[in-house]
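According to Swiss-Prot, the Zn(2+) binding site annotation covers 130, 134, 140, on the basis of sequence analysis.
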């Protein structure tokens, strides 16, 4: 009996996870699309049976406009999360389907990675996981919420082969 290779995207399709990926950024040094799939799925797989997420990479000016228009902050940020079914479910509750949008600004991510002594891949992974957790209802406004979210980020980053994103060298 001939064995066939197992490809991650096939597993993702069976789990009904759809990531609509768009790179509208001019930045170089961005990880492959499949990496973003893998990182987002790692956060989702234990809590959602199905998900439909758009992940868009935008240059600083567009990311700044979204941050200004939706959060009232006039600067480009690393990641923005827009949960389309926000408030319908609780974190850690298995749901039928999650819908949401992630916007990542590669220029900000690359600058932060250099400043923090991280690899670009590590920082993109962290922010993809971080943003996906926000879509799932996690937050870090209150200290107790931040502890829960950061613990989950650390666990997922370690599972992906990366160090604790909050540990300084």
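Positions of Cβ are set from backbone N, Cα and C atoms, glycine also.
Sequence features, as recorded in Swiss-Prot, placed on the structure.
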| residue | record | CB count, 10 Å |
| --- | --- | --- |
| 130 | Zn(2+) binding site | 25 |
| 134 | Zn(2+) binding site | 21 |
| 140 | Zn(2+) binding site | 16 |
